[in-house]
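Following: one structure in structure tokens, then a few remarks.
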Amino acid sequence: MDPVDPNIEPWNHPGSQPKTACNRCHCKKCCYHCQVCFITKGLGISYGRKKRRQRRRPSQGGQTHQDPIPKQPSSQPRGDPTGPKE
């Protein structure tokens, strides 16, 4: 272990911070970039607020972009159409 200089704050010690900034990549190398990356990317733990997805509202023109479901013919009863044999 290297000796720790008591005159330097702990967050300024050499090796306390990675040389490159964190990014949004989730590859294996970036997941082990630093402790924060490992927790958020590697383990998937996030304590931030979850973004609520807005529902898409139908347009005010009254038209929906969906075709109506066509009526399907009633199905034929299964089995012998002449009825049960005795």
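The chain as shown is numbered from 1 upward.
Glycine residues also receive a Cβ, built from the backbone N, Cα and C atoms like all the rest.
As the structure is a computational prediction, the values presented were derived from the model and not from experiment.
The region 'Interaction with human CREBBP' annotation in Swiss-Prot covers 1-24, and the record cites sequence analysis as its basis. Residues or ranges marked as region 'Transactivation' in Swiss-Prot: 1-48. Residues or ranges marked as region 'Disordered' in Swiss-Prot: 1-21, 47-86. For W11, the entry in Swiss-Prot reads site 'Essential for Tat translocation through the endosomal membrane'. What Swiss-Prot lists as region 'Cysteine-rich' is 22-37, and the listing cites sequence analysis. The Zn(2+) 1 binding site annotation in Swiss-Prot covers C22, H33, C34, C37 and is backed by sequence analysis. Look at Swiss-Prot and you will find C25, C27, C30 tagged as Zn(2+) 2 binding site, backed by sequence analysis. Per Swiss-Prot, N6-acetyllysine is recorded for K28, K50, K51. The region 'Core' annotation in Swiss-Prot covers 38-48. Look at Swiss-Prot and you will find 48-58 tagged as compositional bias 'Basic residues'. Annotated region 'Interaction with the host capping enzyme RNGTT' per Swiss-Prot: 49-86, in sequence order. The compositional bias 'Polar residues' annotation in Swiss-Prot covers 60-77. Summarising the annotation, Swiss-Prot assigns ubiquitin cross-link to K71 and lists sequence analysis as the type of evidence.
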Residues of the region 'Cysteine-rich' (22-37) by DSSP state, where helix covers H, G and I: 7 helix, 0 strand, 9 coil
Spatial separation of C37 (Zn(2+) 1 binding site) from C25 (Zn(2+) 2 binding site) - C-alpha basis, Å: 10
Chain-internal residues near C22 (Zn(2+) 1 binding site), provided their CB is under 8 angstroms and they sit 6+ positions away: H33, C34, V36, C37
Mean of the pLDDT scores, which run from 0 to 100, over the region 'Interaction with human CREBBP' (1-24): 78
Output field, Zn(2+) 2 shell: CB within 8 Å of site CB centroid, site C25, C27, C30 dropped: N23, H26, K28, K29, C31, H33, K41
W11 (site 'Essential for Tat translocation through the endosomal membrane') CB neighbourhood, other CB atoms within 10 A: 7
Euclidean distance between Cα atoms of W11 (site 'Essential for Tat translocation through the endosomal membrane') and C27 (Zn(2+) 2 binding site), Å: 26
Neighbour-count leader, CB within 10 A, recorded positions: K28, H33, K50, K51: H33
Spatial separation of K71 (ubiquitin cross-link) from K51 (N6-acetyllysine) - C-alpha basis, Å: 40
W11 (site 'Essential for Tat translocation through the endosomal membrane') versus C30 (Zn(2+) 2 binding site) - Cα distance in angstrom: 21
Fewest other C-beta atoms within 10 angstroms, as judged across C25, C34, C37, which are the binding-site residues: C25
